[in-house]
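Structure first, commentary second.
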Amino acid sequence: MLLRSSGKLNVGTKKEDGESTAPTPRPKILRCKCHHHCPEDSVNNICSTDGYCFTMIEEDDSGMPVVTSGCLGLEGSDFQCRDTPIPHQRRSIECCTERNECNKDLHPTLPPLKDRDFVDGPIHHKALLISVTVCSLLLVLIILFCYFRYKRQEARPRYSIGLEQDETYIPPGESLRDLIEQSQSSGSGSGLPLLVQRTIAKQIQMVKQIGKGRYGEVWMGKWRGEKVAVKVFFTTEEASWFRETEIYQTVLMRHENILGFIAADIKGTGSWTQLYLITDYHENGSLYDYLKSTTLDAKSMLKLAYSSVSGLCHLHTEIFSTQGKPAIAHRDLKSKNILVKKNGTCCIADLGLAVKFISDTNEVDIPPNTRVGTKRYMPPEVLDESLNRNHFQSYIMADMYSFGLILWEIARRCVSGGIVEEYQLPYHDLVPSDPSYEDMREIVCMKKLRPSFPNRWSSDECLRQMGKLMTECWAQNPASRLTALRVKKTLAKMSESQDIKL
């Protein structure tokens, strides 16, 4: 931009002999030539101003130069004459004040084109169109590639475990029972060697999905023809997977009434990580599923109850020896976390929330897990947050409250006098199907209600004793509840009095 007025108004000129002359006085009202910028009161394309005359050249939308001239008021003229370049717009302005119609001698030129300016106008639009088209085609090709790759991956068994690893760690003909018995006789007592676990995990063939929960999925699989259950955890539930694996591999943990652990492994397939927990397979499913479809007699009722509490008793008991077992509390006992074997006995499963007691240091080992137990089965001290988290016996007594509710579920399905109730969850008539903490707190803590007993129980000695037993398990005061060992002994006496061999 050229601002001519400043030099001609303020700086004097010198004659050739060196004498200086005064600057030419500036007209108070300046007349300027106007073109494309003439006010309404202009005459013969002449406008008047107390500021500057200007001439400007700029490109229109088609790229053609357009010349504009006219008057600029005194206020703000300096700013306008010092034209600030605008990106992607070519223009130039020159101003003057030395005489009337001085702007007719101004001939501003467009600034030179920069590299990027050559793509403006029609050529720019054409280039833009080509670029957008090419990018769109590339995007479509990338999406198609990803889609077909995804479909090809989906076509494979989702949880397939490769056979690429060496099988020499496990001799041909060895069964799972053989391997487990060998590991127990070796004296470790903590399950199969990790290398054997990984080999088994890689040789599992997934057959069908048999369950799904908040932690992940359960599949029925096969290893050398033997059926196994494979729990596949979501990656968000890694803490549960780690804790359950850790508990199952605790020394002296194996018990006939605790779900038999086989192997655990982490497998990465590139797009996702799979967390496996492989256990014994029990086709009857959970106690919850079993009770919904099966009615019981006194013997089968006592068998389910006795085997369940035997597993719980083993969990709760600390074993002192050179390779001792710590006391363990389950913290999420419910009928869905107990499985029914072919022989009608139960085993306890899902130890992802279990807590251990380290007696040497008097320390309660709580898992770093955001997951919480099932609200319907929570005891009053958990619901009202009065449970002493640093006292291990608090967790043991919380388990016993939950076990009392499980006894109620079992007893309702026992036939007496030709009568039996349909299966229901505890508190089914008092809270919604998915109760909130507030729902359970009101019923269990404030109103101190418990599941009701059918009238027929009072006329059946076995069911009457079961009712008494569960009442002592779910007492409001944790210190008043029976221990698992006490319940186990009571059920054994009941079976003996009924002449039932467990």
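From the backbone N, Cα and C atoms, a Cβ is placed for every residue, glycine too.
So that you can see what the record holds, here are the features copied from Swiss-Prot:
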ACT_SITE  ASP332  active site, proton acceptor
DOMAIN    174-203  domain 'GS'
DOMAIN    204-494  domain 'Protein kinase'
REGION    1-24  region 'Disordered'
SIGNAL    1-13  signal peptide
TOPO_DOM  14-126  topological domain 'Extracellular'
TOPO_DOM  149-502  topological domain 'Cytoplasmic'
TRANSMEM  127-148  transmembrane segment
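Secondary structure from DSSP puts ASP332 (active site, proton acceptor) in coil. When averaged over the domain 'Protein kinase' (204-494), pLDDT in the model lands at 92. For the residue listed as 'active site, proton acceptor', the same-chain residues lying six or more positions away in sequence with a CB closer than 8 A to its CB are ASP350, GLY352, LEU353, GLY373, THR374, TYR377.
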